[in-house]
Amino acid sequence: MSKALALVVVLFFVAFCGECYGELRFEFYKGKCGITDVEVVVRDVVKIWHTTNRERDIAAALLLSDSIKVFGKKNLSPIDMVYLLGGHTVGKTHCSLIQDRIYNFSNTGVRDPTMSNWLFSELIKKCPRVPSFDNEIPLDMRTPSFVDNSFFQEIQKGNGILKIDQQLALDGLTKKIVGDIVKDPNFYAKFGEAMVKLGRVEVLTDGQGEVRTSCRVVNKKPFFFGLFN
């Protein structure tokens, strides 16, 4: 597996990695996830992405195909994976993370060609070329506060905010699944089933884990905790 491919898989499935908490700060990944020199890999891959025109399209394709493999290892099917990514229907991102798709996709100086005219017109209002603030953008701009299959309808129209979301509706591995979900009257039941299956992945019990007060970080132990352990 190449360094680029390894990184793509690591970043996308950080949630499956027991010692990785998804933080992005200097030296956080050092020694984490069972991969040495992860930050060196990050630097190398970022340089490649910024100097190779095709790299971002390739990364999205790798991310999708390898995500199916990794989900499979957790006994989650491609259909489960697509339903779970539908959780983005109530997700958000920031302008800084999609700026390249709007103004300089793959260093072409223009927008991502898979983006619809409607989405482009909306995003340039919310994410100006020279921003004064890093605005939040809902990943489902039609019904951002509801869990529904609107997310899948939107990516079929070219209204996917993230490249990986848009790729779901374009890639041969997942395009039919997306189409089936759009027409599925049992969306809520199947989304719930996929969530239940995900909840059964590598469950920690007793002293193996904890219920976090913040999903991003391990709970801080009280000062006196160490005095008795």
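Just so you know, glycine gets a Cβ as well, placed from its N, Cα and C.
When T89, T205, T213 are compared with the Ca(2+) site residues D140, T143, D148 in TrEMBL, the one appearing in that site is T89. Between C127 and the candidates C95, C215, TrEMBL records the disulphide bond with C95. When the Cα atoms are compared, C127 (disulfide bond) and H88 (heme b binding site) turn out to be 19 Å apart.
Excluding T89, D140, T143, D148, which define the Ca(2+) site, the same chain contributes V90, R142, P144, S145, F146, V147, N149, S150, F151, E154 within 8 Å (Cβ to the Cβ centroid), listed in sequence order. Annotation: D140 carries the greatest number of neighbouring Cβ atoms among the binding-site residues D140, D148 [cut-off 10 Å, Cβ to Cβ]. Cβ neighbour count for C95 (disulfide bond): 17 (other Cβ atoms within 10 Å of its Cβ, all protein chains included). On a Cα basis, C95 (disulfide bond) lies 19 Å away from T143 (Ca(2+) binding site).
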